[in-house]
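Residues or ranges marked as topological domain 'Cytoplasmic' by Swiss-Prot: 1-8, 147-166, 231-322. Feature annotation from Swiss-Prot assigns transmembrane segment to 9-29, 126-146, 167-187, 210-230. Per Swiss-Prot, topological domain 'Extracellular' is recorded for 30-125, 188-209, and the stated evidence type is sequence analysis.
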Amino acid sequence: MELSRRNRSLLSVVLNLLALSFSVAAFFTSYWCEGTHKVVKPPCLSAVKSKNCQALALNSSSTGSDATDTNGTLNPNVVHYNWETGDDKYAFKYFHTGFWFSCEKHQGEEACRSFIELSPDSEKGVLWLSVISEFLYIILLSLGFLLMCLEFFSSSNFIDGLKINAFAAIITVLSGLLGMVAHMMYMTVFQVTVNLGPKDWRPQTWYYGWSFGLAWLSFTLCMSASVLTLNTYTKTILEFKYRRRIFEKNVRECNPFLDPEMVRFLWEKYIFSVSSTVEDPFNWHKGFGSPIFVDIGSITDLPGAVKEEERGMDLEDDGDQC
């Protein structure tokens, strides 16, 4: 089932709106990557083996009072031992991270740190470049959406709408390319941070989160909208060229002595007169045998034009009538 030009424009607007919504949601959320951190438990934190926890002084002659201070807390100058082995001595903290924050959840509490500060100094420039690219991606996507809406709801003629359609397609393609580059740069920075970031942050395991999925879904919808818009423009231009060849052929068959400038003027007059009254001039007369009526009785201002009474040309593709 072939969609009409107006339906294709509406579909492009919807796809662009979805892409814009998903890109904003992904950029300002911190669920691009999720996983767990493996950290050593504080001394005597284990409820199961707390009875085996001992604090021994550095000096073998130290008494039990040396292991604790006056407040009853463990003395930081004392070596602390616990008898937990394997994974019993580690705590696994869930974390999620995005462009702006990396948050850890442990025992019902969540603590967040700036991901920009966590990234290595060598990667901060790339990270800021990815942030700027994401901003440009959203801005260009918004501009493309506004142009598509203008082309869809505008009451201007068909030719002006076609120009807006072409510009919207170019803007949307550029935004999609910027978004793809931004996503890839961020993931590169994240993987470097996993290996070279702070030791207390490096994840034990990690996987892609729903923000990452939204970002690439936004890119897919963006490129789909741009391809659909560009397809509408290209299809219309090819139809223009084909119909113009048929038009010029029929005009020359009916009047072989007509000046080429006159033929070009007749074509432009026909296109603009039709596009100002109908949405799609090519749906106005389907088929090769449809007549094309052009009034040239008022043409007197072109060089070499012959001033005559009002007359018309009824041209058909088979060349039998003129």
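Cβ coordinates are placed from backbone N, Cα and C, and glycine is handled just like the others.
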Write out how many residues of the topological domain 'Extracellular' (188-209) are helix, how many strand and how many coil, based on DSSP.
-> 9 helix, 6 strand, 7 coil
Mind pulling out the one from 126-146, 167-187, 210-230 with the most Cβ pairs under 8 angstroms to the transmembrane segment (9-29)?
-> 210-230
Tally of helix, strand and coil residues over the topological domain 'Cytoplasmic' (147-166) according to DSSP?
-> 16 helix, 0 strand, 4 coil
Tell me, what is the mean pLDDT of the topological domain 'Cytoplasmic' (147-166)?
-> 78
Looking only at residues six or more beyond either end of the topological domain 'Extracellular' (188-209), which have a C-beta under 8 A from one in the stretch?
-> 31-39, 92, 95-97, 102, 113, 115, 118-120, 122-123, 126-127, 130
